[in-house]
Amino acid sequence: MEPIPINAPDYVKNLKLLQWVKETVALCQPDSVCWCDGSTEEYDRLCEEMVNSGTFIKLSEQKRPNSYLCRSDPSDVARVEDRTFICSIRRQDAGPTNNWVAPKEMKATLNKLFTGCMKGRTMYVIPFSMGPLGSHIAHIGVEITDSPYVVTNMRIMTRMGRQVLELLDEEAEFVPCLHSVGAPLEPGQADVPWPCNDTKYIVHFPEEHAIVSYSSGYNGNTLLGKKCFALRIASSMARDEGWLAEHMLILGVESPAGEKDYVAAAFPSACGKTNFAMIIPPGEMEGWKITTVGDDIRLDQQGKDGRLHAINPEYGFFGVAPGTSDKSNPNAMATLHANCIFTNVALTPDGDVWWEDMTDTPPEYLIDWQGKPWVPGCDRPAAHPNSRFTAPASQCPVIDPAWENPRVLPISAFIFAGRRGDTIPLVYQSSNWYYGVYMAATMGSEKTAAAARSATCVDPFAMLPFCGYHMGDYFNHWLHVGRTVSDPPRIFIVNWFRKTRTGKFLWPGFGDNMRVLKWMMGRVHGRSGAVESPLGWMPRYESLDWRGLDGFTSNKFSKLMSVDREGKQELFSHEELLEKLYDRLPKEFTHIRELLLSTLWMSPEHWELAPELYSAES
């Protein structure tokens, strides 16, 4: 059978793209081809088609205008890390923390799976830009998919459509991203609301800068511009070209005097990343302003001024719904007022959405994420724990005025976070770039609130699932960046989750984290006092702004900042990962670890800020 025509619009000039689409049509055998233009009319048409097919449920126009609910197949609710592959030419370049298959072998497997995989479906061609259009840091990709769900989500999450193709001239490079739900339809066969396949592959070819995803419909596996391109492929590109692609939020911090800084922060799962990106300062800290640039990914390069400059490559927010509320993140809730797609949350009788912790008291009746009746106390969640929202970033009430600036934003500080009930203080500053890189490389979180130290999960730079090459080479690349940037960002480590012996959190968190952020900005500009500790530079009690938090005594602060000699156990917990990476581990890491261990051994058994220093100035 002859392949159908690709029907490329006149404004498509890129020869490589035209040839790739022709080859993909011949392989996948779709019934038709649609070149996505990114228009409102196209989005509305696809949403209406999915409502008619049962994939989407239109929410109340009064409660949630122009928004939709989608329920996935129960087997397709999250990223599939065990089916995610880095197919570098050499196995050792993927490293021991990634799954690897030889490229030739993987391509043979994928070729069989993709043969005829789009029969009975429409093939959509989605041109998109990861970053503001025209930015020298932005990168263009093209995703081919047979899922209208992917198209509508990509329109929210990326700058996509005709405007991107008009930037892609005849010889311009782009990253090809191929996706299929893996569920071809025979003539007359009825479709299902959420087509997918049990055989899943999420594959990256770093040398070719190419991505292939098969059989999943879940956003994290199908919105290929996000983790697949902007982190796994982009991190590999960044290593080769001398820049950084990181799993980090970006926020703006403006002082009452009008001094503006930009900060990037890496938070592992369940550490409050989106909440921090949209933090609201306490009312007593009048004049301080926080703006959001992005909540998940940043790309940056060195500027002529010797600093790192960054962009948010995304156009929307793809966030976890449960736990998001007017208490925890009012700015996020305001962002979700309209024009959103919700996946696997619960449906209220009046046509709105609900998820756990959204309100203090759950509704009396819901339809849960699997379409079943739900009432309080029925012993199952109303929303899936990994249920998601996709929302336009432009709707965020504190979006930074320069968030789409193609000239990029200078970064003053990096923050790396963990979730630890003990050992790690509230905040400290690394003494130098190399030490900061080591601390970021060994950052960890407890798997549960009651987990023992042995259950700590080490997640370097919050990049363990997303680094597209050997993690040891990744550490070396970070050290190299520090050697080439004349004015690098200052590096800080935070832990909002330190507890008392009875299990209560010592730090209030949420908006009060602004007090720590203010101290950091003072350190960046050489104004805030600090004390040298076994781990780095720490704030004195009087260095933080305590207005509105009068009950937080210096004694309580001392406990929050203390360092036990048991901290050496934290260093021992790093061994498993570092031994895995030993053949490419930076030599500096061995020396830094020994120096830290020696410092902890020689420190008092229980190190605390000395009270007599509280009033001293550095």
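Every residue gets a Cβ built from N, Cα and C, even glycine.
Keep in mind that what you see is a predicted model, and the values were worked out from it rather than measured.
Marked as substrate binding site by Swiss-Prot on the basis of sequence analysis: Arg79, Tyr218, Asn219, Gly220, Ser269, Asn386, Ser387, Arg388. Secondary structure at Tyr218 (substrate binding site), taken from DSSP and collapsed to helix, strand or coil, is coil. For Tyr218 (substrate binding site), the same-chain residues lying six or more positions away in sequence with a CB closer than 8 A to its CB are Ser72, Asp76, Val77, Ala78, Arg79.
Per Swiss-Prot, the feature Mn(2+) binding site maps to Lys227, His247, Asp296. Following the DSSP three-state reduction, the secondary structure of Lys227 (Mn(2+) binding site) is helix.
Sequence-distant contacts of Asp512 (GTP binding site), defined as residues of its own chain at least six apart whose C-beta falls under 8 angstroms from its C-beta, comprise Pro282, Leu549. The annotation GTP binding site is assigned in Swiss-Prot to Ala270, Cys271, Gly272, Lys273, Thr274, Asn275, Arg388, Arg419, Phe510, Gly511, Asp512, Asn513 on the grounds of sequence analysis.
Applying an 8 A CB threshold to same-chain residues 6+ apart, the list for Cys271 (active site) reads Ala417, Gly418, Arg419, Ser445, Trp496, Phe497. Marked as active site by Swiss-Prot: Cys271.
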Query raised in the report: Out of these binding-site residues, Asn219, Ser269, Thr274, Asn386, Ser387, which one has the fewest other C-beta atoms within 10 Å of its own C-beta?
Result: Ser269
Query raised in the report: Of Asn219, Gly220, Ser269, Ala270, Thr274, Phe510, which binding-site residues are close to Asp296 (Mn(2+) binding site), meaning a Cα within 10 Å of its Cα?
Result: Thr274
Report summary line: Once DSSP output is merged into helix, strand and coil, Thr274 (GTP binding site) belongs to helix
Report summary line: DSSP output for Arg79 (substrate binding site) maps to coil
Query - Near-site residues: Mn(2+), ref Lys227, His247, Asp296, CB cutoff 8 A to centroid - result: Lys226, Ala230, Leu231, Ile297, Phe466
Query raised in the report: Which ones in the same chain are close to Lys227 (Mn(2+) binding site), with CB under 8 Å and 6+ residues apart in sequence?
Result: Arg79, Gly220, Pro465, Phe466
Query raised in the report: How many other Cβ atoms sit within 10 Å of the Cβ of Ala270 (GTP binding site)?
Result: 15
Query raised in the report: Hey, how far is His247 (Mn(2+) binding site) from Ala270 (GTP binding site), Cα to Cα, in Å?
Result: 14
Query raised in the report: Taking the Cβ of Arg388 (substrate binding site) as the centre, how many other Cβ atoms fall within a 10 Å radius?
Result: 27
